[in-house]
Each structure stands twice: as structure tokens, then as C-alpha cells.
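TrEMBL lists D138, H170, S322 with the feature active site, charge relay system. Feature annotation from TrEMBL assigns domain 'Fervidolysin-like N-terminal prodomain' to 28-91. Marked as domain 'Peptidase S8/S53' by TrEMBL: 131-370. Residues annotated as domain 'FlgD/Vpr Ig-like' in TrEMBL: 412-470.
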Amino acid sequence: MRTFLSFLLIFTMYLISGSLTEAANPSANQLIIKFKDSTSSIQKQTIFQTVHANELSTIENGNFSLISLPEGSDLNTVTDTLSTFQEVELVDRNYEVTTNHTPSDPYYSKQWNLKKINMPKAWNVTFGSPDIKVAVIDAGVQTSHPDLKTHIIAPYNALTGGKSIPASAHGTHVAGIIAASMNKTGITGVAPKVKIIPINVFEGEEADIYTVVDGIDYAVQAGADIINLSLTTEDYTDVLDYAVQEAYKKGVIVVAAAGNDNTSRLQYPASHKHVIAVSATTQKDTRASFSNFGSYIDLAAPGVDIYSTVPTSRYAKDSGTSMAAPTVSGACALILSKNPFLAPTEVENILKKSSVDLGAKGRDNYYGYGRIDAYAALKQTPALPMSKLKLSSRMIAFNGTNNLPISFSAKKGTKISLYIKNAKGQVIRRLATNKAWTGGTYARKWDGKTDSGSFAPSGQVKVTAKMSNGKHSVYRVAYVTVRNT
């Protein structure tokens with residue numbers, strides 16, 4: 001019996017209507033296998049021969065293989081057989097992915113959604129940082145769009161393995177909601193200074209689980225801080241769950257559209273653990289008629305008549321939870337721009353606690369914890385977890401018996417460095433380099449000497465402290481005048 005599946009690109013520009021009414025077939029005779037890391041190529045080939053399979057493609061990170069089976073193979077039987085091998089962790093069908101559209105009303109000339117989530121005040125705090133990267137795993141983006149071209153980095157086409165991606169209307173619209181430039185033309189995104197990693201996983205209106213997993217894996221490897229998934233399926237698969245959980249473990253925030261079929265049936269990836277599931281709201285802060293609902297909904301965001309970028313270098317209005325999800329992704333990007341050392345759960349909790357409670361008091365199945373408020377979220381975002389440098393003096397003459405005490409506090413779990421630079425910007429003394437830090441105050445004493453053992457020459461030096469989490473770094477500096485004779 002075939003398992004029901006359909007992916008939604010909840011998009012309305014072309015006025016095509018549709019609903020989730022029948023099962024989509026798995027890609028013909030294909031299975032996805034996740035092997036244990038220790039599995040050798042010879043062991044894999046032996047397993048493939050057992051079920052008369054051909055390996056079509058691999059994802060090295062996670063040790064996934066896409067295989068094809070002979071025509072007429074019983075996928076259930078082959079899956080059961082593969083699961084008996086100790087080298088195999090997971091086996092799933094390679095389900096097809098299709099698009100589904102919802103009708104849209106004529107668009108308004110203004111971006112009501114930005115005012116609704118308090119963006120004018122939020123931008124007084126931050127426009128976003130170019131150090132923050134949001135992966136848009138979708139059907140491609142017009143990378144040359146005048147409102148997007150300065151934000152695009154590391155594009156990837158999961159179908160070809162190359163950098164060239166199609167300019168789809170849906171993906172371009174999603175990207176614009178997140179990060180369209182504030183450049184006095186076109187529109188403005190929620191986080192107009194952040195970067196976009198566009199990843200195409202669709203061929204026309206079709207994709208499959210394997211390609212989406214590949215896209216998630218690429219996003220993580222490319223250094224994405226946030227992954228936006230404006231797509232959905234009713235079928236749970238272990239491999240998609242694995243990919244999502246691996247992203248979460250590596251500190252990546254995953255945001256997904258709830259779907260737009262006005263149903264409470266569980267949707268994936270939105271229903272996966274550690275995914276922020278987003279429903280859609282109207283200008284009146286009511287649930288959009290098409291928006292899915294249920295126990296998996298975490299937050300709500302504007303999703304009706306959203307004006308954004310589309311090919312070819314144009315703009316259009318669309319509706320769907322596909323538009324609500326990138327609104328939340330943009331808000332996440334603003335929070336990380338203020339404090340990139342927050343964990344995914346911390347960012348999610350900030351959004352939940354600062355949201356506008358709609359519907360029944362407290363969390364409910366239509367709005368989750370409420371409709372997001374970007375400014376309120378930024379007000380609740382803690383400052384960078386690193387103090388200013390403390391020095392006992394800003395002027396000192398070293399004589400071999402004295403020293404300069406230096407201290408600062410940093411977040412537990414980060415790596416810290418402390419070094420002295422001369423007037424030319426050259427490091428002359430390393431007091432700590434990528435030291436794993438357990439939290440609290442770090443204190444060192446500088447004896448005035450360079451790494452070579454000689455005293456630093458007279459003049460101004462820059463004391464520099466660095467805190468890093470492997471993806472982002474923050475620096476604190478202080479200047480000291482050295483007067484050595």
C-alpha cells in the first residue's frame with residue numbers, strides 16, 4: 001500500500017488552487033539508506049548486490065545512499081531486508097514532492113505584514129547582520145533580482161550538484177520576505193542586511209525527500225544559521241527527521257510552513273521535533289482560512305496578501321504559510337544579529353514569550369504561542385555574553401617585576417583568545433588561543449613581553465579578547481600605552 005505524501009509550496013501568484021487529496025507515489029523503485037559511519041564501500045556494495053540494487057547518488061555527511069531497484073521490486077520487502085543488516089541505520093522510500101497552490105486576492109501596494117509585526121521599531125535595534133546566513137530550501141531564487149543580488153551567497157542546486165539554480169517565483173518570493181534590500185526601491189525584507197543561501201530542491205513542481213535532505217545537509221555545511229522550509233508532506237520519514245535533528249544539533253534554527261489545507265493532520269518537516277512550525281494570519285490577526293492547525297503549531301505570522309520579490313526583477317502579492325514561515329525566519333535572523341551565541345531553543349523561546357497572544361488564552365492549535373512581534377522579541381534578546389575588558393591601568397612601564405592584569409567574562413561552551421597587537425596590527429603576544437571556556441571570568445597578567453621573550457617597545461598596543469562558538473566571533477578591545485625605557 002502506498003503511503004500518502006505531498007509537498008506544498010504554498011504559493012498563490014498564479015491563482016492555481018488545489019488541496020491534499022491523494023497520495024503521491026515514491027520515486028520509481030528508489031530507496032534512501034543511511035549507513036553507519038563505519039560502513040566501508042565494499043560492505044555497501046555487498047548489501048546492494050543482495051537486493052539487486054544500483055547506487056544512484058550519495059550524501060557523504062550522514063552516509064546516505066540513494067538506490068534504485070529492479071522493475072517490479074516489492075519496496076516493503078526490500079526495506080525489511082535492508083533493515084536486517086547491522087551496517088544500516090535507516091531505510092525510507094524516496095517520496096516525490098509536488099507543489100500545491102492557494103488562490104490569492106489582488107495585492108495591496110503596502111507591506112502591511114511588516115507593520116503588523118512591529119518592524120519599524122525593530123529596525124531601530126538592528127537591520128540584521130551580513131554575518132547571519134539564512135538558507136532558503138525551495139524551488140530556486142532569482143539571484144540577480146535587484147532587491148536580492150547583494151544578499152546571495154553559496155547557491156546550490158541539489159538536482160545537479162552545481163551552483164546554477166532556476167529563478168522560481170516561489171523561492172524568490174520567500175527570499176524577498178526574509179532579506180530584500182532596504183535600498184529605496186522595490187520592497188524591504190524583515191532582515192534586510194542578512195545573507196541568503198538559495199538551495200534548489202525542485203524540478204519544476206516536483207522534488208523528493210532525498211533531495212530535501214541533501215539540501216539541508218548542504219545548508220549546514222555552508223554555515224547556515226537558519227533554514228527556511230516552505231514545503232510540507234504528511235508522511236513521516238526517519239531520514240528527513242535525521243537531517244533536521246542533525247541541523248539542530250549543530251546549532252541551526254529550522255523553520256517550516258505548517259501547510260495550507262485547513263487541516264489538523266500532522267505535517268512534516270513542521271511536525272518534527274526542534275522545528276519551528278508556523279501558521280498564517282490575516283491583517284485582522286485572525287487565522288488565514290487555508291492555514292493548517294494542530295498540536296504541532298509553534299507560532300503564527302502574517303501570510304495573506306504578502307508583497308515580495310518575484311522573477312523577472314518584479315514584485316507580486318501572494319498568500320500561504322509559505323509566506324508566514326520566512327517572516328519568522330527573518331525574525332530569527334534579527335535576534336541572531338543582536339546575539340549570534342543563542343542556541344536554537346533560546347531563539348524559539350524568545351519568539352514565543354514575546355508573541356502576541358491570539359485566540360484562546362495561552363498556547364492553542366491555531367496560533368501556537370501567538371503571532372510574532374519582532375520588536376518585542378529583540379527587546380527580550382539578551383546582550384552578547386561577553387563583558388568589556390578590564391585592565392588595571394591604561395599606561396604602564398614594565399620593569400621585569402610588574403605586570404598588567406587583564407580580565408573579561410565569556411559564555412560557557414565557547415572558545416576564547418587573548419592577545420596583544422602593536423601599532424601596525426601585528427600580534428606580538430598570545431596570552432590565550434582558542435581556549436575552551438567553562439564560563440565565568442578569565443584573567444591573565446601580561447608581563448610586557450612579546451612571544452619572543454623581549455619587552456614590547458614603547459608605544460600604544462591593542463589588547464584584544466575574542467570569544468567564538470565556531471561559527472561566529474565577538475571581540476573586545478582596549479588600548480594601553482607602554483612606556484619602556
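Cβ coordinates are placed from backbone N, Cα and C, and glycine is handled just like the others.
Note: the CA-CA distance between H170 (active site, charge relay system) and S322 (active site, charge relay system) rounds to 8 Å. Residue counts for the domain 'Fervidolysin-like N-terminal prodomain' (28-91) under DSSP (helix as H, G, I; strand as E, B; rest coil) come to 19 helix, 23 strand, 22 coil. Between the alpha carbons (Cα) of D138 (active site, charge relay system) and S322 (active site, charge relay system) lies a span of roughly 10 Å. Model confidence over the domain 'FlgD/Vpr Ig-like' (412-470) is summarised by a mean pLDDT of 95. DSSP labels the residues of the domain 'FlgD/Vpr Ig-like' (412-470) in these numbers: 0 helix, 36 strand, 23 coil.
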